[in-house]
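Notes follow the structure.
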Amino acid sequence: MISNKKALEMIDVISNMFPDAECELVHENPFELTIAVLLSAQTTDVSVNKLTKHLFKKYKTPEDYINVDISELENDLRTIGLYRNKAKNIQKLCQSLLEKFNGIIPETHAELESLAGVGRKTANVVMSVAFNEPSLAVDTHVERVSKRLGICRWKDNVRQVEDKLCKVVPRERWNKTHHQLIFFGRYHCLARSPKCDICPLFDVCREGQKRYKASLKEV
Ligand code: SF4
């Protein structure tokens, strides 16, 4: 693993590449954002946005989601992966939101995590994007990029990745860094075909160097 100083230098490079990175899930309020984040599991934001463009016109409140039969909600979500599970989780979330918080998305991390179907990542995203509270959510892009660059260990779990990033990055930059790492992973250091040949971090990236050496052997 590299030092915190080197890690922050890498993140500074990423930050300069994507200065305007922001949440790409279209939403108009914390409730819509929470639903969109739940829908985004193992699905692209583009697919979620296509779906929610219509979904959010039909379902505006937690009651709207639980007042329909599960099969109707499943049918409305069928364009995205894991739609059956997601329909079930959304109904559970809305039920617990009504029971515990009168249908209003709470503004603390602990309360958010107390909701059915809301894990640490979702709570972090909602705290950061909806309420502008410093959080550094770790999704698949953030985890992959942090590990490839050697900021974290390959064996680190998601929570360890989050803790490490929060140690490296100044607190006031957590929210922005989350989006910048996502953009870097989504548009540059892609899972299957990272753009190592044009990467400004190539010289210091262990994954980039490994791939380069492997490519030399293939020649
Ligand atoms: S060198 Fe390749 S693997 Fe490393 S950060 Fe850049 S694109 Fe990703």
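Placement of Cβ uses the backbone N, Cα and C atoms for every residue, glycine included.
Just so you know, TrEMBL annotations never went through curation; they're auto-generated.
Taken straight from TrEMBL:
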- Cys189, Cys196, Cys199, Cys205: [4Fe-4S] cluster binding site (BINDING)
- 39-187: domain 'HhH-GPD' (DOMAIN)
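Ranked by how many other Cβ atoms sit within 10 Å of their Cβ, the binding-site residues Cys199, Cys205 place Cys199 at the bottom. Over the domain 'HhH-GPD' (39-187) the predicted model carries a mean pLDDT of 96. Apart from Cys189, Cys196, Cys199, Cys205, the residues listed for [4Fe-4S] cluster, the same chain places the Cβ atoms of Arg148, His188, Pro194, Lys195, Leu201, Phe202, Glu207, Gly208 within 8 Å of the centroid of those Cβ atoms. Counted with DSSP, the domain 'HhH-GPD' (39-187) comes out as 100 helix, 0 strand, 49 coil. Cys205 ([4Fe-4S] cluster binding site) carries neither a helix nor a strand DSSP state and counts as coil.
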